[in-house]
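Peer 1: Below is one structure. I have some questions about it.
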Amino acid sequence: MKVLKKFIYNYKLINLLKMNKIKCAKGCCILNFTNEIHHFKNKNISKNSHRESAGIAIIVDENMDKKILITQSYNNLWGVPKGKKESNETLLECASREVVEESGIKVDVSSLKSCEEIIFIPNYDKKLTIHIFKYFIPFVDYISCSMNNLCLKDLHDDSTGFGWINLKCLNEITKAKTIKLNSLTKYILRKI
C-alpha cells in the first residue's frame, strides 16, 4: 500500500511539473494547462440527427468579484465545461458529469434544478443544441479545486487545463489574445 501511495504521489508530481500557467496582468488569476497532445476518440457523430450537449457555467461571486471556471480543450480554446449528452442521462446529469470529467469538480445534480438555463445553437451545426446551466456559488475552496490536486489522467482526456478567472481579467486577456474563447463561452459571458 505504501508503494502504491508513493507511486501516485510521484505521478502527480511529475504531471504538475508539466503544467504551464497563464496569469492575468494583475496576477490575481491563474489558468493551469499542459501542452500534452490529446488523442481524442473519433466519435461517429451523425450530423443528420438532432444532438444535445450540456454543461455548467460555474460563477463564484465573492464580494462582488465574479470569477468563472473555464477549461481548455480542442484547438486550445477555453470555455465552460460541457459535452455530449449520453442516451441514458438527463441534461442535468450530463452537465454534472462533464464538469467532473473536465475539471475534477463535483456538482450535485439536485443543486442544478433551480439554475437558469442558457440554450445555444452554434452556427457551425444547427442540429446541435447546447444547454448551459448558470450555477452561482458564494465562494469556492480554491485549494481543493485547483489543477495542483489533479492528475492529468483525472481529466479523462477531455481537458488540457482549467482555472478560475475574474470576469474583468478574462476580458483583458482575451483582448490581448493571450487565450482564445470558444463561441459558446463568448455567448454565455454576454448573458452573465
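Placed from the backbone N, Cα and C atoms, the Cβ positions cover glycine too.
Here Swiss-Prot flags GLU98, GLU102, ASP158 as Mg(2+) binding site. Annotation source Swiss-Prot lists domain 'Nudix hydrolase' at 49-187. Taken from Swiss-Prot, the feature motif 'Nudix box' covers 83-104.
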Peer 1: Identify which of the binding-site residues GLU102, ASP158 has its Cβ surrounded by the largest number of other Cβ atoms within 10 Å, counting every protein chain shown.
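Peer 2: Result for the most crowded candidate: GLU102.
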Peer 1: Is GLU98 (Mg(2+) binding site) helix, strand or coil when read with DSSP?
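Peer 2: Where GLU98 (Mg(2+) binding site) sits, the three-state DSSP reduction gives helix.
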Peer 1: How many helix, strand and coil residues does the domain 'Nudix hydrolase' (49-187) contain under DSSP?
Peer 2: 41 helix, 49 strand, 49 coil
Peer 1: So for GLU98 (Mg(2+) binding site), how many other CB atoms are inside 10 Å of its CB?
Peer 2: 25
Peer 1: I'd like to know the mean pLDDT over the motif 'Nudix box' (83-104).
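Peer 2: On average, pLDDT over the motif 'Nudix box' (83-104) sits at 93.
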